[in-house]
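These come from Swiss-Prot:
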BINDING   H45, I46, M47, G48, S49, G50, K51, T52  ATP binding site
DOMAIN    32-185  domain 'Helicase ATP-binding'
MOTIF     135-138  motif 'DEXH box'
Amino acid sequence: MNLGIVSLFREHVDSIPNILPHQLATLDFLLRSILDENNSVLLFHIMGSGKTIIALLFALIVSKFKKVYILVPNINILKIFTYNMGIAVNLINSDYVLENIHIYSTTSFYSLNYNDNVINYNGLAKYNNAIFIIDEAHNIFGNNTGELMTVIKNKNKVPFLLLSGSPITNTPITLSNIISIMSDEGINFSDIIIQGKKVFQILLNENGVSVLKRILRDKISYYELQDTELPSIVFHGRRFLDTRIVYCHMSKLQERDYINVRKLCNNEMFEKNMNNVSLAVLGPLNLINNLDILFQDQDKELYPNLKISNGVLYGDELVSLNISSKFKYFIARIQSLTGKHFIYFSNSTYGGLIIKYIMLSNGYSEHNGSQGTNPKTIGGRLKTFAIVTSKMKSSLEELLAVYNSPANNDGSRIMFLFSSNIMSESYTLKEVMHIWFMTIPDTFSQYNQILGRSIRKFSYTNIAEPVNVYLLAAIYADFDDDITSLDNYSIDEINVLPFDIKKLLYLKFKTKETKRIYSILKDISVNYTLPPHPQIVDVVLGELTRQFFYHHSRVRADDPELFAAIDRVLCSPDSTRRYLDEITRGHFFVCNRVFEKALLYRHGEDIIVVPFKLSHDQFLWAINFRKEYNVGAPL
């Protein structure tokens with residue numbers, strides 16, 4: 001990034017609509033690398049730092065010269081990008097051609113370019129002289145869309161902007177797709193990878209390090225938020241390597257079923273049944289692979305105090321919780337906690353079902369659903385929960401609007417948000433004070449993505465208050481090991497540890513290698529100091545103007561401080577005077593700390609901010625019958 005741009009801003013005010021200094025500095029780098037040099041770039045910015053806005057601002061700027069195709073993982077994220085495009089348009093102080101920007105979900109882009117599962121090569125010519133922006137780039141490969149991107153790259157010779165907060169999803173092998181899309185050089189990955197027997201033993205060798213540095217040098221933009229921009233994190237439980245976890249000792253009932261299921265698992269690291277029984281046991285249903293089975297039984301006894309009928313669980317066991325050591329801890333702990341909770345779990349088969357009836361049985365009511373037994377309240381309102389799974393994508397936006405609303409900062413509208421992997425990327429959660437892992441994530445990337453939904457810039461009004469994180473592990477009743485080093489156990493010894501402990505150790509092994517590679521990417525990230533790129537000058541000047549008039553309501557037209565701020569970029573007194581004249585004649589939009597939304601006006605020898613308020617005729621509906629006419633019905 002261009003550190004020269006960052007140096008233009010002192011004590012940048014982030015609380016108003018603005019473009020952050022690091023975003024402007026990154027835009028400068030993208031323009032030089034992609035627009036000028038036709039090189040691909042990996043935008044490796046840690047979650048919550050504003051990659052989406054950077055990508056959209058870049059798309060707007062280059063839309064004057066090229067067509068831009070933006071690919072996102074799914075329709076919900078497409079809606080997020082479309083919404084943020086409106087924000088980017090309002091922020092950018094530059095010309096653009098919106099018709100040249102096309103945003104697709106990967107599935108819709110696939111359907112546009114395939115006929116009967118075969119790439120339509122004749123139709124690829126339309127992508128000549130284009131730029132592709134790939135959101136969550138680490139997840140797009142290994143399928144037909146990834147294959148299509150490789151074909152377009154080789155056939156059309158177009159540059160790619162790859163967005164990722166975690167470019168290694170599992171092992172270093174997953175980085176190979178990103179390298180291949182960013183380079184014309186063929187790579188034999190067996191030459192750069194050390195392949196062990198276990199997945200966490202896949203390492204990048206010394207030759208691989210050299211290849212990585214050579215191919216990706218000058219093609220990486222790395223950024224992570226400063227500690228001062230985020231709340232601190234407090235991990236709860238006992239020490240486990242470099243973090244803490246909560247040991248949840250299983251009851252005899254849970255441990256018996258847990259051991260029986262484990263004996264039947266050939267490769268338990270990939271067995272969803274182990275995720276099931278680590279969360280909770282359901283007797284005869286522990287090994288089911290089809291949720292429909294849960295809705296077929298009539299009054300089936302699972303345990304003496306737990307039955308299921310038509311998909312409804314009932315019985316005292318939902319309160320005594322011998323079926324789940326994790327929920328026994330969770331239910332007991334939350335009674336003394338205040339604020340909102342975000343709870344990650346794997347919905348392997350029956351996760352969502354067991355959560356629903358445990359919460360209802362313990363007095364917590366379902367958002368827009370059933371009321372809990374002896375319902376608990378906060379400020380006269382029911383304490384409620386919501387469960388997000390892949391089956392509720394269509395209503396997720398409405399749910400998050402309630403959860404993130406200022407009225408819900410205390411959790412009085414929705415206190416507990418349970419979510420499976422659907423919430424692991426691109427979504428933002430606000431004012432979450434407690435983050436729970438009911439299931440141990442499979443990868444370091446997934447773990448970071450889940451934390452990154454909540455712990456991100458602008459998600460907290462008070463960053464002085466810490467965020468609490470609970471990693472829950474279901475363990476045997478007699479397990480009490482202190483794990484302080486990855487060298488504590490041999491591979492054979494790891495295999496007989498409780499499933500969650502084994503999974504955590506695997507995660508930490510993979511994390512160690514991932515962090516090593518991330519350090520390499522950080523080291524080859526590009527930083528420089530230059531005047532702003534010509535295509536970004538107006539955007540930089542616009543942000544300098546916004547920052548200045550946040551603090552000032554009225555200044556002389558030749559105010560030395562204002563003049564100096566603008567002239568540092570233009571380096572021409574005449575050009576600076578013309579710019580100041582243009583923004584007053586054009587009534588540039590600013591946010592002032594006194595008057596809030598305002599426009600700039602010239603008043604005699606002064607420049608003043610004039611607050612405004614939009615008003616409009618009230619209509620119940622309007623129909624655009626023709627482009628020239630609108631017909632409306634007044635209220």
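Just so it is clear, glycine is given a Cβ too, placed from its N, Cα and C backbone atoms.
Counting other CB atoms no more than 10 Å from each candidate's CB, the binding-site residues I46, M47 peak at M47. When secondary structure is read from DSSP and collapsed to three states, S49 (ATP binding site) falls in the coil class. The residues near the ATP site, meaning same-chain residues not in H45, I46, M47, G48, S49, G50, K51, T52 whose C-beta sits within 8 angstroms of the mean position of the site's C-beta atoms, are G165, Y223, L225, G452, R456, K457, in sequence order. For the motif 'DEXH box' (135-138), residue counts in helix, strand and coil come to 2 helix, 0 strand, 2 coil, using DSSP. Annotation for G50 (ATP binding site): spatial neighbours L20, H22, Q23, K457, criterion Cβ-Cβ under 8 Å with sequence separation of six or more.
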